[in-house]
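The active site, proton donor/acceptor annotation in TrEMBL covers C:Tyr141. The active site, schiff-base intermediate with substrate annotation in TrEMBL covers C:Lys169. What TrEMBL records for C:Thr53, C:Ile213 is pyruvate binding site.
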Number of protein chains: 4
Amino acid sequence: MKKAELPQPLRGIIPPIITPLLARDTLDKAGLAKLVEHILGGGVHGIFILGTTGELSSLSYRVRHEMVESTCEWVAGRVPVLVGITDTALPESIQLAQTAEKCGAAAVVAAAPYYFSLNQAELTSYYQHLADQLPLPLFLYNMPSHTKISLAPKSVKILAQHPHIVGIKDSSGNGVNFQLLHYQLKDEPDFSLLVGPEELTAEVVLLGAHGGINGGANLFPRLYVDLYEAAVNRDLDRLLPLHQRVLQISTHLYSVGNSQASYLQGVKCALSLMGICRNILAEPLQPFGEKEQKIIRQHLQEIQAALNTKVPV
Amino acid sequence: MKKAELPQPLRGIIPPIITPLLARDTLDKAGLAKLVEHILGGGVHGIFILGTTGELSSLSYRVRHEMVESTCEWVAGRVPVLVGITDTALPESIQLAQTAEKCGAAAVVAAAPYYFSLNQAELTSYYQHLADQLPLPLFLYNMPSHTKISLAPKSVKILAQHPHIVGIKDSSGNGVNFQLLHYQLKDEPDFSLLVGPEELTAEVVLLGAHGGINGGANLFPRLYVDLYEAAVNRDLDRLLPLHQRVLQISTHLYSVGNSQASYLQGVKCALSLMGICRNILAEPLQPFGEKEQKIIRQHLQEIQAALNTKVPV
Amino acid sequence: MKKAELPQPLRGIIPPIITPLLARDTLDKAGLAKLVEHILGGGVHGIFILGTTGELSSLSYRVRHEMVESTCEWVAGRVPVLVGITDTALPESIQLAQTAEKCGAAAVVAAAPYYFSLNQAELTSYYQHLADQLPLPLFLYNMPSHTKISLAPKSVKILAQHPHIVGIKDSSGNGVNFQLLHYQLKDEPDFSLLVGPEELTAEVVLLGAHGGINGGANLFPRLYVDLYEAAVNRDLDRLLPLHQRVLQISTHLYSVGNSQASYLQGVKCALSLMGICRNILAEPLQPFGEKEQKIIRQHLQEIQAALNTKVPV
Amino acid sequence: MKKAELPQPLRGIIPPIITPLLARDTLDKAGLAKLVEHILGGGVHGIFILGTTGELSSLSYRVRHEMVESTCEWVAGRVPVLVGITDTALPESIQLAQTAEKCGAAAVVAAAPYYFSLNQAELTSYYQHLADQLPLPLFLYNMPSHTKISLAPKSVKILAQHPHIVGIKDSSGNGVNFQLLHYQLKDEPDFSLLVGPEELTAEVVLLGAHGGINGGANLFPRLYVDLYEAAVNRDLDRLLPLHQRVLQISTHLYSVGNSQASYLQGVKCALSLMGICRNILAEPLQPFGEKEQKIIRQHLQEIQAALNTKVPV
């Protein structure tokens, strides 16, 4: 078991990887290996598994544990692995964290429990209690569109005092809250502030955030790493065209069809067209049919032309 | 293994029972036995386990399967047992349904998957696919406050054609939708239309719905059975004072404190004061502290006085 | 100026009438006269103008004041006229109430201000302040789908103490809240509890509420009056078929097309087919086009057949 | 009547000014003059009246027209004046636009009608129809928290083709939508893209947006102008400390108390402490009481110390 150290704070591009499947309840280990190599080849700074992009909640527990084991084994300590343990049942979160620790993951990530609605005090108390029992450092994960609650900047400030809580992935898309959170954390230089939506990575890194957990990095890892570096270096001439490519990807790959899961459908479909994994989603989500695949293929070719890359589609 | 037949349609009061716990992850089997006897003593027409009131989503899978086994064993075929299999992961729903079938449960109940947001077409397709694979009849469970989606009356009409889908529990509280649903189902006399919120049982049964899956029946099962019968018999003189008691219970036991889970906190606290189970909730929910317990105790005594019952508090 | 007394509590069916228009900003006085006669011919217990069905917020202030004057003049004291004064600007609400008083209206009706979001304390204080300054009794109007806030039962209980606040129209469709509100008001027999959605009138009147402010009574006033009386008389054999007709109307006239205003579009289109007013909505709403008109015509004929009425369509 | 030309695109800081009041329904013309001088003294690029910060919806129409006249008269063509004409009634919007044109305003601004819920097609059609009838150029105003609908980037792209629609103020706070909108508008260099929340001005201007309509510029106009210029010049060393001050203002002045209108209460209270206007809000909003005023005073002093300004508090 090889394990990568977790930098403090964690910086850079950490792709939230999809879970490659052979069937609804069968992990595609060869696809996973291909995906990991594709992503590491782009120079990313870590890998996040079993997030929303990883269809965490749709997988059986058997497959979730397998995904942890297989990813850690294949990554083999080359970058830190972050494991999503989001669950409505605290004992299941802890078990997954124990598997993560055993396999050499660097940290775990948890969104709010998503069945019952909690208030800020209840959510803060939940996270403190969870962190107390975890064998690995914890990243908070703010995902209100899926959990029905947004972690308030003030709650994050309180939680940042907990010795096991080391950062946050904010996927709210709420730019105001992100900046107010940044301000609340101004005296916590080791607390990692990472943004979910890739449309925001350029701007928040320019203003001092630590990086992005961006789904598009499954497809074009180098683009996101380049964008991150341009932002860190305040090189706006280099940054703006890269940012345009990210917006092109978002506009043309993530909103095909009329499902609210069009982002996930688009990413998995594009990866299948690139020969990396199959176009299979776990229920309740459905993969794109032929009509949408055709649209994705065309958009993907346009993006590749703009990026001047040569991966076959 | 004794099994009760499932009437078509299922009618009456089917309490959604709480899950008695000794600790966050330990089932209280003695408490469960006490609760079952308390409820069956009230003349109820079935028992529903692992619903929202049963804290389905907060329990580890080990405890969920134990709960199925213990309840079926103790009920021993005296009334039909309905088992909640709501889950975000379809394979876990199916496994729980298999345990339910093996233990002699009469049916299963599933709310919408609650992490990803689905549209009506996706949700309908999900339910059809789930029902295809279940070894027991399925009740739909409409719970938009927790799942972020409401089953439209038109979707229910489509699903009611599926041979394994036999009824619905509507917990939306949306009276308009309930009546429109009732109208959509006017040609499906065997499809069971049950209401979740007990504040609505009197009126919907008066107008022809089949019964209620009402949380307060954990506490005062006979009251809800009496109310159901008065409504079936259109005996409004008898019905109205019983309905007043139900509203008193809702007003005074379910809105103490400022958690959105005050209903669940209230029910479990009241049951603990009645000596039936402990005042323990699974995380992320917290039980009432002393201050709220004191309020519940006083309100419970007032309700018991109004009901002229003598269970010690 | 003839004025009808306001009964305490106000009971029965009070149609929320549409505003007949010749053009976006021109009142159709002849259409209004026809509509009033049509409705009064059905035996209704009052008329409510400038509610949501009356497109209150889309009309210029000139037209709103004209609508008050023309309606009061034509009704001429035959039934009480209730005037909607809902506005985001308190001075405009008061001016409209002054016109209403001058013209002989019996009461005014106000929903919450709908631009800024208020909390319950702010809303309660707003209503108290408004009521203090009104020359007529005030009905509260709970319309959360349009105002973004629901009047909590506890707030209504406080407001019911105000000498000028005499009732509430609850259009939330939330059956649980309606029953809890009913319970809160159990010691206020003169406070009028009226329901907006006609799908709920049967059941809430059976349980003791005072009546309905139901949009369908624009079309078939007698049906709603009959339904109200059957409910008051607890005559369920008579009530249930009438209730079925109401659900047929709601199902087939109020959900054609894909606008969220399909109810309003349907009512105005049906009234135009019945020769009572024109098929003109004030912007931002649009009237049905030919395709939808055709569907409405067919559904209307089916409903009229079921009702055995003979109004030409 | 002096009138400032409207640049294409409009760039810079355009404060959305508060409406100074002597009483609920009485404009404070002296306060308005003081405020205008205070703001113009900071070098701002325009003035926006009757926006959300201007309490548009709470003012009687008489006061709204007065506010247009008084502001235009006092500004006297020194900067372009933008007039909010947001209304649920289209005829009232047009009348206000006519007054604006007559008085020398440069443009008008309209959010979506906020009583009925519209879909994107209805909203697009509404704006086209409105723009056709306006005597001045129109800015769109995206304000979903108050209007219940967000203008989709695709709708804005369509509307940007209309010859009278010249820009948008996006107050959604949704950073992802803002970037996607920016991408949609990449071929419309004359269409002005302005951001509402001041927490986002630094980052969006860095990436190419045209400026901010920021409430805090009522208080510290120079700060926002400096921040805008630093962003335009890509001078991050200068920008970051200015951005910190903006976040300090937002954190400490806009979230005192527990009203959802705490931002507006904070701005008006701070302006009253600075001697510019009175601490009077139009109903339904309430001004801060003594307790909150004391907190605002202290925070204001800290902010002034950080800014090294000397306005008395």
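Cβ from N, Cα, C; glycine included.
Unlike curated records, TrEMBL annotations are generated automatically.
What TrEMBL annotates, mapped onto the structure for a quick look.
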residue	record	DSSP (3 states)
C:Thr53	pyruvate binding site	coil
C:Tyr141	active site, proton donor/acceptor	strand
C:Lys169	active site, schiff-base intermediate with substrate	strand
C:Ile213	pyruvate binding site	coil
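Annotated pair C:Lys169 (active site, schiff-base intermediate with substrate) and the residue listed as 'active site, proton donor/acceptor', C-alpha to C-alpha distance, rounded: 5 Å. Across the structure, C:Ile213 (pyruvate binding site) and C:Tyr141 (active site, proton donor/acceptor) are spaced 11 Å apart at their Cα atoms. In this structure the C-alpha atoms belonging to C:Thr53 (pyruvate binding site) and C:Tyr141 (active site, proton donor/acceptor) are separated by 13 Å. The 10 Å shell around the Cβ of C:Thr53 (pyruvate binding site) contains 26 further Cβ atoms across the protein chains shown. For C:Tyr141 (active site, proton donor/acceptor), the same-chain residues lying six or more positions away in sequence with a CB closer than 8 A to its CB are C:Gly51, C:Gly84, C:Thr86, C:Val109, C:Ala110, C:Ala111, C:Ile168, C:Lys169, C:Ser171. Using a cut-off of under 8 A between C-beta atoms, none of the recorded positions C:Thr53, C:Tyr141, C:Ile213 neighbours chain A. There are 25 other CB atoms within 10 A of the CB of C:Lys169 (active site, schiff-base intermediate with substrate), with all protein chains counted.
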